[in-house]
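Features reported for this protein in TrEMBL:
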type	residues	note
BINDING	Ser53, Asp54, Asp55, Asp280, Asp282, Thr283	Mg(2+) binding site
DOMAIN	421-479	domain 'Tyrosine specific protein phosphatases'
REGION	494-527	region 'Disordered'
Amino acid sequence: MLHVLDRAAGVLLGAACGDALGVPYEFAPRLDQQQTPRMIGGGLGPYAPGEYSDDTQMAVCIAQVAATGADLRSSEALDQVAHRFVDWHRDGASDIGIQTAAVLGQAARNAEAHAELSLAEWMLAASGARVAQGRPSAGNGSLMRTAPVALAFPHDPEATAEAARRVSELTHADPLAADACVLWCEGIRHAVAHGTFDGVRRGLRLLETDRRAQWEAWLDEAEHHPPHTFTDNGFVVRALQAAWSAITRTPVPEHRPADGVFAAQHLQHALEAAARAGGDTDTVAAIAGALLGARWGASAIPWQWQRAVHGWPGLHTRDLTSLAVRTFQGGHCDAQGWPEAARHPFQADVTEPFVTTHPHDDGVLLGNLRLARPWQETADAVVSLCRTGTADFTEVPRTDHVRVWLIDQVGANAHVHFTLDQAAHAVAGLRAEGKRVLLHCAAGRSRTPAVAARYATLLGLDPATAFHDILRALAPNRPLLNPELETAVHELAGHPVPPRQSRSQGSLLIASEGPSPAGRQPELPGE
């Protein structure tokens with residue numbers, strides 16, 4: 001279930017990162033294979049570095065309704081979505097597609113003048129009229145925002161398809177637009193549930209029988225041609241093909257952690273391919289990002305992207321993952337109030353704040369979550385390896401608080417090497433900016449020493465020495481290493497993993513000074 005939750009959390013975040021990555025290159029000269037897309041801002045906004053565009057802004061409108069547990073197939077929920085679209089168009093839209101702007105504007109004017117229909121009904125009427133009049137109605141504007149719909153019915157493909165079609169038709173009544181949303185939503189829903197891309201083709205059965213063969217042919221075409229082939233990607237079919245091409249034609253890297261190569265980097269590489277497609281790059285990459293996030297999870301998204309991504313209405317990584325998780329959980333937080341609790345509960349055996357200095361970098365502090373309350377301003381930046389409350393570390397700028405999805409439980413991390421490595425590189429990156437960094441988890445006993453040891457290996461130490469020194473520094477806090485994390489640190493450094501006996505005589509001997517915490521519960525991930 002923890003892998004599934006990671007993947008659900010990756011859907012909106014993946015879309016937003018793809019959007020922000022594609023923004024600088026929208027309708028600009030196409031990048032070649034040697035050029036790496038970056039979140040440098042600009043584009044049609046112009047946008048700040050890491051800022052997402054209307055693609056994610058409209059997805060947020062849908063997610064804000066879905067995260068309440070509302071049934072997106074219902075008239076009431078559709079009307080709420082319609083109102084959020086119109087409010088966004090009036091107050092928050094940084095840019096907007098021609099078709100979407102026309103429908104929203106017409107519906108708002110009609111609803112103001114004639115109260116006999118709801119805003120959603122007026123929107124459907126305006127959207128349908130465009131098709132009836134033969135005006136272009138199969139743009140990519142509903143596909144780009146459809147991702148939250150896929151999270152709302154995690155176990156029901158038919159309900160997902162119905163909701164995808166109904167939300168699409170608010171602005172895009174052409175059946176091709178709705179078909180694309182159905183296929184992509186089923187792809188996302190299935191990827192979250194099963195961790196594969198098979199759902200897109202499985203979604204063909206959810207289409208009208210007479211349109212399945214054509215869509216199958218379009219998917220085949222996408223798999224046989226590079227993304228830039230689909231130049232007219234303002235058209236919904238070409239947008240889907242460009243995104244699908246970027247995903248399916250980008251190889252999944254062979255997992256070689258000692259060489260810094262991880263299977264999870266498929267997400268990054270495929271999104272870069274989408275951003276190189278040319279044309280409507282932010283939309284193609286946003287579409288691809290939602291499915292890639294669903295397949296690989298939030299834990300596969302590079303820390304630099306998670307740090308940078310943001311946008312209307314003042315949302316950052318934590319907010320996007322919260323919307324996605326609450327939508328996936330039917331509008332609910334978990335028993336501890338996550339992801340919306342102001343203060344995440346402390347572990348029962350963690351009664352005092354603990355902090356010490358990293359033995360190989362006095363600009364890095366190692367500690368536990370209790371340091372957040374009250375915050376002592378001991379650091380300029382924070383790397384959290386556990387869940388935190390919405391009110392924790394609020395004194396630290398959002399861009400200097402990096403949250404890592406790392407779970408202190410053997411087998412619970414989908415990409416344990418990649419995630420550990422990313423956490424350590426986050427510390428290194430913040431230190432390179434001259435910041436003093438607090439690295440912490442819930443208790444400061446397991447994830448903290450593992451990431452601290454990986455950081456030490458980046459400084460040139462061998463992992464055995466790194467663990468020895470770090471565990472000695474943490475000895476008063478009674479560290480208790482997760483063996484999977486310890487093994488991963490050795491493998492990342494390209495060193496053989498010591499036999500269990502020698503490890504217990506070395507690092508774990510220090511870890512066992514003092515009584516082990518009784519009944520210690522696994523610490524859960526940061527957002």
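Just so it is clear, glycine is given a Cβ too, placed from its N, Cα and C backbone atoms.
Known features from TrEMBL, placed on the structure.
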{"residue": "Ser53", "record": "Mg(2+) binding site", "Cβ contacts under 8 Å, 6 or more apart": "Asp19, Ala20, Val23, Glu26, Gly43, Leu44, Gly45, Tyr47, Ser94, Asp95, Asp282, Ala286, Gly311"}
{"residue": "Asp54", "record": "Mg(2+) binding site", "Cβ contacts under 8 Å, 6 or more apart": "Ala93, Ser94, Asp95, Ile96, Gly97, Thr100, Met144"}
{"residue": "Asp55", "record": "Mg(2+) binding site", "Cβ contacts under 8 Å, 6 or more apart": "Ala15, Asp19, Met144, Arg145, Asp282, Thr283, Ala286, Ile287"}
{"residue": "Asp280", "record": "Mg(2+) binding site", "Cβ contacts under 8 Å, 6 or more apart": "Glu26, Phe27, Asn140, Asn233, Gly234, Ala239"}
### Query
What number of additional C-beta atoms lies within 10 angstroms of the C-beta atom of Thr283 (Mg(2+) binding site)?
31
### Task
Determine which residues of this chain, when Ser53, Asp54, Asp55, Asp280, Asp282, Thr283 are set aside, have a Cβ within 8 Å of the centroid of the Mg(2+) site's Cβ atoms, and list them as they appear in the sequence.
Asp19, Gly22, Val23, Glu26, Thr56, Asp95, Met144, Ala286
### Summary
When pLDDT is averaged across the domain 'Tyrosine specific protein phosphatases' (421-479), the result is 98
### Summary
Using a 10 Å radius on the Cβ of Asp282 (Mg(2+) binding site), the other Cβ atoms enclosed count 30
#### Entry: Three-state secondary structure, Ser53 (Mg(2+) binding site) (per DSSP)
coil
### Query
Counting by DSSP, what is the helix, strand and coil composition of the domain 'Tyrosine specific protein phosphatases' (421-479)?
38 helix, 5 strand, 16 coil
